[in-house]
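Undergrad: Below is one structure. I have some questions about it.
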Amino acid sequence: MRTFPQAQTAACPRRRNAEPTMAQLVGPLRKELADSLFSCRVLVVGAGGIGCELLKNLVLTGFKNIEVIDLDTIDVSNLNRQFLFQKKHVGKSKAQVAKESVLRFCPSANITAYHDSIMNPDYNVEFFRNFQLVMNALDNRAARNHVNRMCLAADIPLIESGTAGYLGQVTVIKKGQTECYECQPKPTQKTFPGCTIRNTPSEPIHCIVWAKYLFNQLFGEEDADQEVSPDTADPEAAWNPADAAARATASDQDGDIKRVSTKEWARSTGYDPVKLFNKLFKDDIMYLLTMDKLWKKRKAPLPLDWTEIQQIESSQEEACGTGLKDQQVLGVQGYTQLFRRSVETLRSQLIEKGEGAELVWDKDDPPAMDFVTAAANLRMNVFSMNMKSRFDVKSMAGNIIPAIATTNAVIAGLIVLEALKILNSDFDQCRTIFLNKQPNPRKKLLVPCALDRPNSNCYVCASKPEVTVKLNVHKTIVQALQDKILKEKFGMVAPDVQIEDGKGTILISSEEGETEANNNKFLSDFGIRNGSRLQADDFLQDYTLLVNVIHSEELEKDVEFEVVGDAPDKAPAPSAPEEGKNIANGNKDSAQPSTSSKAAAEDDDVLIIDSDEEPSSSTMEASPESSNRKRKHHDADDAASKRKRLDQQPADDDEDIIALD
């Protein structure tokens with residue numbers, strides 16, 4: 001009988017576990033560079049999709065002194081691409097497990113792991129100065145902004161990276177020589193008007209946002225800005241609330257339409273799933289129908305009734321689609337039962353936590369995800385949209401672009417190549433490199449671009465950062481200045497604010513409780529008026545920002561402030577939606593069945609520039625017209641091919657390619 005040898009790793013366990021030789025590690029690197037790899041200290045921020053590949057690449061290239069930090073723990077959903085983790089590691093620290101796994105590749109490496117947030121004050125400027133190089137493998141903009149500022153303050157080179165589906169990007173940031181991460185506009189996360197979420201949803205994402213709001217209102221921290229009941233102040237519905245309320249036929253038995261908080265009402269029912277269901281999907285919808293002006297040009301919603309749904313034959317409720325359970329779309333009855341089960345589970349969790357407890361929504365928490373999936377799909381059905389699979393809902397609810405393991409591997413390799421250039425003192429050879437979804441006419445997926453010079457208007461890396469903010473000093477309170485403007489908008493972590501009034505009045509202090517009495521006072525109470533100047537310092541980031549105040553009483557509705565001038569906030573506005581097809585409530589997507597392969601649009605926001613001259617990274621964001629002018633091809637068919645590719649770019653390419661892992 002013919003026999004076959006076992007795989008080499010099984011037959012030769014000693015060889016599999018043996019540490020690679022120095023020659024294998026450094027390969028063709030010259031001795032001076034190889035020596036620098038062994039001596040330098042590098043910081044890797046993030047141990048997820050890119051981070052796992054990067055840590056493996058670093059030790060196999062010859063880096064010996066590595067520190068890695070990540071706040072997350074390992075989830076089952078990570079295992080398909082974060083190869084340093086196994087099922088037995090679920091729930092453990094990503095940074096710690098990544099360290100242990102990488103040491104099996106190179107046991108002599110000196111790796112320190114931190115299960116912590118990089119924004120912890122312990123990791124200050126002095127901490128960053130311990131390293132010769134910092135490499136980002138992050139998945140959120142707040143942390144990216146913070147690391148960018150810390151590296152600028154410590155004057156340490158930073159290699160920034162990110163992936164989005166098949167797209168990827170690597171760039172190098174060095175103080176005074178290149179753009180920093182915040183030099184160019186970053187599109188803000190999409191938001192939707194409250195009246196759209198509460199009254200007239202037209203896209204599945206509107207229903208998913210509503211369902212997440214509902215989770216918080218029922219089980220989490222209540223937020224007045226996340227109300228889910230019908231919006232009686234909808235400017236589009238010029239109607240009389242008193243008359244409409246009288247016409248509403250909501251039943252007292254299943255939950256009426258009293259204007260009380262959602263959580264208060266839910267508690268009074270004992271979180272009864274049937275009463276919750278009938279209020280949310282029957283009574284509230286009937287109340288919306290009384291706002292008849294809303295439905296003159298829209299398809300009116302169709303209320304759901306719990307009793308009627310229970311009478312549906314189960315044979316009529318087969319799941320749509322095949323394959324994994326998460327990729328199936330249930331029927332109305334299926335989502336009704338999922339709603340009931342998730343409410344009962346969440347209610348039990350709330351009781352276990354005790355009086356006054358709150359739950360936090362997490363896309364990786366099964367009961368929370370079940371609740372949002374069920375509630376969102378039931379609302380989609382009410383508003384005549386095709387329902388979505390749990391996979392699709394999770395992708396949209398968690399702002400997820402599906403991660404591709406090979407993309408992470410390519411980007412991690414490019415990070416190491418840029419690191420070698422820096423350590424070899426070849427900074428002039430460093431590039432911004434884009435990984436595209438399709439090859440360009442020269443059959444290349446990777447497009448290198450020259451690094452751009454710093455933006456003189458950047459409010460982070462300019463020699464004297466300064467911004468101008470327009471607001472109403474009589475309506476803006478100190479708390480809003482701190483939380484919404486300085487922290488949320490300008491990325492500060494612990495700001496101290498002093499008024500330049502000749503007295504040095506302290507408006508905000510990062511010391512707990514020191515200026516708490518100021519929080520609910522208006523800016524005008526401190527003499528702040530048109531033309532006032534505020535000096536905001538963040539000692540953790542070693543960052544000072546001068547804020548010029550312009551008083552205005554003519555801001556648009558629901559706009560609390562505006563950044564005036566050239567601050568890096570002016571991302572290109574998305575194109576107007578395509579008109580023509582009026583499906584359901586105007587939602588083009590609602591006419592399409594749910595397909596998990598399209599769970600999140602992988603927008604090509606990197607235009608392919610292929611010219612005889614090396615472009616700068618800023619030209620990669622040029623318009624199709626301007627990029628065409630840069631090309632120097634004489635082949636007409638080739639040029640036409642490129643124009644066709646650019647013309648096919650999605651109309652709403654406004655996703656930041658380096659905002660997601």
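Backbone N, Cα and C define each Cβ position, glycine as well.
Annotated ATP binding site per TrEMBL: 46-51, Asp70, 78-81, Lys94, 117-118, 139-144, in sequence order. Here TrEMBL flags Lys186, Lys258, Lys437 as SUMO1 cross-link. The active site, glycyl thioester intermediate feature in TrEMBL is assigned to Cys195. According to TrEMBL, the SUMO cross-link annotation covers Lys212, Lys279, Lys642. The region 'Disordered' feature in TrEMBL is assigned to 566-661. Under the heading compositional bias 'Acidic residues', TrEMBL lists 602-615, 650-661.
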Undergrad: Could you state the whole-number distance in Å separating the C-alpha atoms of Gly49 (ATP binding site) and Lys437 (SUMO1 cross-link)?
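TA: On Cα coordinates alone, these residues lie 18 Å apart.
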Undergrad: Using Lys437 (SUMO1 cross-link) as the reference point, find which of the recorded positions Gly46, Asn80, Ser117, Ala143, Cys195 has the shortest Cα-to-Cα distance to it.
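TA: Comparing Cα positions, the closest of these recorded positions turns out to be Asn80.
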Undergrad: Out of Lys186, Cys195, Lys212, Lys279, point to the one nearest Asn80 (ATP binding site) in space (Cα versus Cα); all of them are recorded positions in the record.
TA: Lys212
Undergrad: C-alpha of Lys186 (SUMO1 cross-link) to C-alpha of Asn140 (ATP binding site): distance in Å?
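TA: Distance (Cα to Cα, whole Å): 12 Å.
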Undergrad: Provide, as an integer number of angstrom, the distance between the C-alpha atoms of the residue listed as 'active site, glycyl thioester intermediate' and Lys212 (SUMO cross-link).
TA: 16
Undergrad: Taking Cα atoms as reference points, rank the binding-site residues Asp70, Ser117, Asn140, Ala143 by distance from Lys212 (SUMO cross-link) and give the first.
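TA: Nearest in space to Lys212 (SUMO cross-link), counting only the binding-site residues, is Asn140.
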